[in-house]
Amino acid sequence: MPDLILALDVTEKKKALAIAEACAPHIDAIKVGYPLALAAGLSIAGDLKKTGLPLIADFKVADIPNTNQLICDQVFLAGFSAIICQGFCGMDSVKACVASARTHHGECYVVAEMSHPGGKEFFSGGIAEQIAANAVIAGADGIIAPATRPDRVAVLRGFVGDKKILSPGVGTQGGSVDSIAELVDGIIVGRSIYDAPDPAAAAQSYAAARRRQKR
Ligand code: 3DU
């Protein structure tokens, strides 16, 4: 059964914390990206830690190795348990993020292919496959692959073996739990939970949907 990961892209700190607390019993991790981190500061990790859930920093880190390492160190020191980086900057840049993760006993995930329509423009033609293979060689914990394209996730699974695949794009972007759950280790859902009239009920129903799947 894949984890259910809430993408908490809410820019009001109070609202974000209320949603996190309400959804916590139904989810396995919280993903924080630039919208919330820029609005509330990195210290939001300390506040969200009260839920007891792992916190994934989705900063899609994409710089030279030294800068990547400096960024990731700050993320882990703030209390996050995982970092997401881009793979297109090359193996050395990914390795720097992995090294920081190891130093801080955290995890590192590499974006292999993005879920939006434009994600096909530059990640196609074998690039995503190469990024996924590099993520394995670099020692990353897994990749990010698109729930909007289960066929592509199945292909990328062939490149990462038992490494984890976390998959955004379920709900608002058009992906479904039914078509992706058996292929991945984590389903990332944002707007369809935090914009729902009752976020906790929405989280509960996504949790139940992925429970019906085998993986
Ligand atoms: O579309 P949603 O509201 O369910 O949010 C999806 C989240 O996953 C959001 O934080 C976005 O930045 C992130 N994400 C993708 O949607 C697609 C990717 O390829 C990588 C991350």
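Glycine too: its Cβ is placed from the backbone N, Cα and C atoms.
K31 is the residue from K15, K31, K95 that TrEMBL records in the substrate site together with D9, S115, G190, R191. Taking the recorded positions K31, K60, R191 in turn and counting surrounding C-beta atoms within 10 angstroms, the largest count is reached at K31.
Proximity of the recorded positions (D9, K60, D63) to ligand 1: a Cβ under 6 Å from the molecule is found for D9. Fewest other C-beta atoms within 10 Å: among the active-site residues D58, D63, that description fits D63. For the recorded site, D58 (active site, for OMPdecase activity), the DSSP three-state label reads strand. Each of the binding-site residues D9, G190 was scored by the other Cβ atoms within 10 Å of its Cβ; the lowest score goes to D9. The record assigns D9, K31, S115, G190, R191 to the substrate binding site, and the maximum Cα to Cα distance across that set is 16 Å.
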